[in-house]
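Reading through the structure tokens given below for one structure.
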Amino acid sequence: MNEIPIILFTPLLAGVLAWLINVKGVRELIGVIGAATPLAFLAKLYPTIVNNPNNPITYQMTVSGFKVTFTLGMLNWYFAAIASLVGLAMAFGMVSTSKNGYDWLFALMSYTGVLGVFLSWDFVSFFLLWELMTFASFMMVLKRNRHESLKYFVLSVIGAYAMLLAIALIYAKTGALDFDSIRQALYMDAMLGSISKGETALIFVLFLTAFGVKAGAWPLHVWAPGAYSETDQSYTTFFSGALSKAGAYGFLLLYILMGAKLYYALGTFHGHLTFAYIIAWIGAITVVVASFLAVLQEDIRKLFAYSSVGQVGYILLAFGLGTGLGFAGGLFHVLSHAVFKGLFWLVTAAIILQTGKTQFKDFGGLAEKMPFTFAMGLIAVLSLAGIPPMAGFASKWLIYEAAISAHMPLVAGAIFLGSALAFAYVVRFLYAVWFGQRPSDLEDVKEAPLPLLIAMAILAIPNIVFGIAPGLVTNYLNKALGGEVVGGNYYKLVTQTGTYNALTVALLLVVGLAIAGLIYLYGAKARRIPVTNTYQSGNPVTEEFNLSIRRNFYLPLKEALAFWLRYSFDKFYERIAQLSEDFADTLREGFYNGNVQAYSWYLAIVLVILALWGVL
Amino acid sequence: MISVYYFGAIALVLIGLYGVLVKKNLMKILISLSIMETGVNLLLISVGYVSGKSAPILSEGIKWNQAVDPIPQALVLTAIVIGVATTAMALSAAILIYEKYGTLNVEEIRRLRG
């Protein structure tokens, strides 16, 4: 018995059942079991996968004349395991935040879609499940906000058509739809060159559009902030944590399928592969633009949405470096972004569930009220900002090393800038939400419900475990990439340019925290002071005075960037939409004018044209 | 050389078309439509004409191969009926329009309709 169909379709089945039964309690139970099953089976298959790296488990079936193949190799397993981990956390989170079967149906449907994208090994099932994933996530957004869902829909449709065109072109040229044959055919063609340069470039650009939309790469990222914030926040855990990785996986697929062909057709640029160079720069621009925009947001959900876009930019950038270390860093960041950003969205879900507020200006001093959620938020903040010993540090460190050793100083600079900005926005989240004076209407906020806390714990544990023992991941990645890319043992990472010992850092951190704790316990006693006990420019402040960083903290930055902020792709797309609408209106009013004689004229002119053409 | 029948029929169609395109009076447009229709019918009939043959009715002294093409005649018979029906309907519409707007000028009607 093959486990792949069970892994793939249990979530979908559970979603349908949860939607049909729709009884409180039963619905949640079915949903969680459905979400946990793929993870359980993937865990069970782990030894098989690791022991036979060159002999993946495959499953074939025939769907209306097409033979579709699903494969569970090293790389597929890695992505699928991340998706199912995040999927399980999402299911636990949704037990608390979602109260209807609709959400369960489409959340679990997109879960199946994402797993299908990661396990497919031919373009038929890849495209079908890609669309299933898009459709389900669109339905999730549609329920909350029509306008944002429309934006997501239009960009997804553009991506889908681009992908379909690219698949059609590949099929026309190679006659193959399964990845192994395509790979072989394109590898042979790299030498033969029967597919011209222009066609190869066209296929590349089409795939770039298709995967770029899903990954939220600049300039196709405009759907992401709205879609991520206007849906169930527990679902966003999956949306931003796993679904956006489908795009990143697509870029990887681009290397697997047509790397050699692209190299021979497009050549190199300053010693880098041209096509990889383009991907790297798209990633770098995404990182910088999205991070700047994230810093300026006043809405907690928008901030993390832009942050997600930026972090996926890191992954693209790392893949774009085209070196083994770049792939290792990018793949590691896929994992760490999934766990820390998933955690962030769950924390956001908890905050919004308990307070009903989303703006930074309404928050403050929640750390005392929701201590466990705060602890989880702190882990996420440390991991995102790249502070050791968290998973986020290890992956970012690998990406830095990769960018430096690939001799791309500007790209490396972009990620340094992105990291500094990431620190700026998470610090704001930390202080504005958890510390400082508490608004009076937040006095009776309670700790998040238990299922949501379990969900957070599911994602917080990998953050710490893979942070202290990054070797767990890099050893696996070494095997997946087929070489000793990152050296070291479980606690130590060794590359050509440096060494990072996570255990030492962790121990030092624990010692430091212990010292700080001792000082806190035995040092001078902490004294509580009211806000009015503070002076500002020699004047006592009033109760309403805002001493926190909650409102417009980065206003100076906003003013400094005002010139650049005028140029927004959001506005650009909206203007294009407006223009085409106006054009269609003019056309309609000009021609469809209700004058019978005008219509007679059109008819006569068409007849004359046809007659001149020789049709009549 | 274009047969005079074809020329005449097409000329009738073009005259009708001219009326439809240019005239502003609804009645004149309907008259033009009728003229166009006549032209079309004549054209159809002349397509089936075979020089020197008689009517396609099987009777004494006339064999099947001595008749003109019967198909366009059947076609035109249908077309005439359809033409009369559409003309009648258009005329009743014209009556209603005149009752409602008090004018038969198409531009005037369009302006009044808004």
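Backbone N, Cα and C atoms are what each Cβ position is placed from, and that goes for glycine too.
Feature annotations, reproduced from TrEMBL:
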type     : residues  : note
TRANSMEM : A:69-92   : transmembrane segment
TRANSMEM : A:104-121 : transmembrane segment
DOMAIN   : A:122-420 : domain 'NADH:quinone oxidoreductase/Mrp antiporter transmembrane'
TRANSMEM : A:152-172 : transmembrane segment
TRANSMEM : A:201-223 : transmembrane segment
TRANSMEM : A:235-258 : transmembrane segment
TRANSMEM : A:278-296 : transmembrane segment
TRANSMEM : A:303-328 : transmembrane segment
TRANSMEM : A:334-353 : transmembrane segment
TRANSMEM : A:374-394 : transmembrane segment
TRANSMEM : A:452-473 : transmembrane segment
TRANSMEM : A:500-522 : transmembrane segment
TRANSMEM : A:598-615 : transmembrane segment
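The stretches the transmembrane segment (A:500-522) and the transmembrane segment (A:374-394) meet in space: the count of Cβ pairs below 8 angstroms, excluding pairs fewer than 6 apart in sequence, reaches at least three. Tertiary neighbourhood of the transmembrane segment (A:598-615): same-chain residues 591, selected by CB-CB distance under 8 Å and a gap of 6+ residues from either end. Listed stretches A:104-121, A:278-296, A:334-353, A:374-394, A:452-473 were compared with the transmembrane segment (A:69-92); the greatest number of C-beta pairs under 8 angstroms is found for A:104-121.
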